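Visitor: Quick paste of what Swiss-Prot says about this protein:
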ACT_SITE  380  active site, nucleophile
ACT_SITE  514  active site
ACT_SITE  516  active site
BINDING   13, 186, 187, 188, 189, 190, 191, 222  UTP binding site
BINDING   13, 146, 147, 148, 186, 187, 188, 189, 190, 191, 222  CTP binding site
BINDING   14, 15, 16, 17, 18, 19, 71  ATP binding site
BINDING   71, 139  Mg(2+) binding site
BINDING   353, 381, 382, 383, 384, 404, 469  L-glutamine binding site
DOMAIN    291-541  domain 'Glutamine amidotransferase type-1'
REGION    1-265  region 'Amidoligase domain'
């Protein structure tokens with residue numbers, strides 16, 4: 001029988017509910033429990049696929065092709081369990097499901113209302129498909145008091161009564177700010193947040209209190225008294241140097257013990273955290289440092305590249321080096337020489353993106369890396385720009401471009417209109433909807449034997465996650481390969497180019513997929529481990 005942990009947030013947003021949920025999942029998993037993590041997002045979008053990266057941050061793609069919240073990336077990285085499309089739902093998706101049912105007549109003429117129809121839809125989502133799990137951790141997006149979150153709060157309140165007694169625990173993550181003028185940590189914001197939650201009928205079992213310094217015992221007792229929780233259930237969540245310290249920090253504070261106690265479970269056996277200790281030790285005691293330039297177009301919000309950042313750090317963990325990131329807005333290179341920005345870095349990474357803005361800057365970055373023999377990693381759009389650069393400057397195709405930017409004389413990159421997913425032929429047109437219509441999720445690729453990328457993977461058959469609607473035009477393959485660019489990986493049917501590389505370059509690889517989505521701190525992705533290894537070698541030359 002599954003037990004449910006509901007994690008809510010108060011006082012301010014961005015406190016780290018996703019990290020808290022992921023860390024708790026890792027701790028329970030380290031005790032041998034089977035854990036599932038789910039995210040409930042209050043916004044009205046059906047999914048984040050069409051949302052601006054500078055507003056929402058990264059769109060995390062699952063193996064089964066769902067475009068989801070970036071917190072699912074944290075869940076995967078901390079637990080190693082691959083998320084699915086059934087692990088994330090939004091208000092938009094819920095209302096769409098309900099409206100579809102109403103149009104079909106499923107409600108038999110009833111007046112469709114928030115209670116019970118919306119709340120029932122939420123409850124069904126939370127409780128379905130959990131028979132193989134010991135714990136289901138549900139993170140509620142937003143902050144207590146947000147009008148958008150009200151149906152979710154009501155649904156989890158009802159679940160407290162619907163589920164068997166003792167199978168639901170509520171954890172409230174809140175902030176205890178330090179006021180320099182008073183020289184004190186203040187409990188009042190947390191008190192008011194809990195009162196707001198209690199007014200909704202939810203009484204938290206555990207308070208997880210964010211603070212930038214130790215919380216005095218007297219303040220903990222005060223929170224216990226006014227928030228109606230046991231003293232042992234007031235758990236401080238102090239700032240840490242890196243997010244991979246969080247599981248051990250929370251274990252030290254007793255979060256997992258307290259959660260188990262709230263369920264009436266003896267907190268044994270102790271979690272096996274030796275792998276986490278090794279990861280954190282490597283982060284704390286690096287044997288070197290490399291600088292990686294990320295030439296992107298959404299650098300104003302680092303969360304737009306969340307999985308990418310983490311995957312680079314995983315590569316650092318694998319090589320026992322610290323990875324320093326230099327963020328460069330790609331449009332800069334459309335006006336300025338890239339050399340002053342790039343000549344001191346040890347590796348260049350051009351990530352995914354959409355649209356013409358900044359594309360020429362990415363092409364200049366790819367040319368610099370190719371000519372100067374600097375390790376280059378092009379992901380999705382970054383691979384496409386590297387191919388356009390090769391077409392223009394090596395294959396004598398000066399008008400090489402992408403149809404994503406408009407009509408092109410030489411469409412080296414073009415819209416995919418047909419591809420195979422499983423046994424089904426997928427078809428798209430330029431006039432179709434944007435949402436959910438890309439090549440999404442895990443696809444297999446066949447790597448050419450003897451290439452660098454096949455050696456890195458240790459295999460010629462791979463599966464990686466995709467999120468794109470444009471693809472390198474195979475009609476230019478022979479012309480480009482005659483100039484030294486190797487198409488080292490193709491879709492199994494030989495139609496879609498998946499990876500490229502230069503054999504005469506120390507490390508120049510482009511991939512059409514997103515390998516960062518499958519990297520873990522306990523299991524770094526081989527491409528990122530190899531890229532950072534190459535950057536480490538480059539650091540000895542610069």
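Note that Cβ sites are derived from N, Cα and C of the backbone, with glycine treated the same way.
Worth saying up front: this structure is predicted, and the values here are computed from it rather than measured.
So that I understand the layout, could you describe where these features sit and how close they are to other parts?
Guide: According to its DSSP assignment, residue 380 (active site, nucleophile) is coil.
Cβ neighbour count for residue 514 (active site): 24 (other Cβ atoms within 10 Å of its Cβ, all protein chains included).
Long-range C-beta contacts of residue 516 (active site), restricted to its own chain and to partners at least six residues apart, with a cutoff below 8 Å, comprise 307, 308, 310, 311, 379, 525, 528.
Look at residue 190 (UTP binding site): DSSP puts it in a helix. Its own atom aside, the Cβ of residue 190 (UTP binding site) has 26 Cβ atoms within 10 angstroms in the protein chains shown.
Note: residue 222 (UTP binding site) has non-local neighbours 187, i.e. same-chain residues 6+ apart with C-beta under 8 A of its own C-beta.
Following the DSSP three-state reduction, the secondary structure of residue 19 (ATP binding site) is helix.
Sequence-distant contacts (6 or more apart, same chain, Cβ under 8 Å) of residue 139 (Mg(2+) binding site) comprise 7, 17, 18, 21, 37, 38, 39, 40, 71.
In the three-state DSSP reading, residue 404 (L-glutamine binding site) counts as helix.
Over the region 'Amidoligase domain' (1-265), the average per-residue pLDDT in this prediction is 95.
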Visitor: Nearest of the recorded positions to residue 19 (ATP binding site) by CA-CA distance, picking from 190, 353, 514?
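Guide: Given the candidates 190, 353, 514, the nearest one is 190.
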Visitor: How many neighbouring Cβ atoms, not counting its own, are there within 10 Å of the Cβ of residue 188 (UTP binding site)?
Guide: 12
Visitor: How many other Cβ atoms are found within 10 Å of the Cβ atom of residue 17 (ATP binding site), counting all protein chains shown?
Guide: 24
Visitor: What number of additional C-beta atoms lies within 10 angstroms of the C-beta atom of residue 147 (CTP binding site)?
Guide: 8
Visitor: Based on Cβ atoms within 10 Å, give me the single least packed residue among the binding-site residues 18, 189.
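Guide: Output over binding-site residues 18, 189: least Cβ neighbours within 10 Å is 189.
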Visitor: What recorded positions among 13, 147, 186, 189, 380 are found with a C-alpha within 10 angstroms of that of residue 353 (L-glutamine binding site)?
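Guide: Passing the 10 Å Cα cut: 380.
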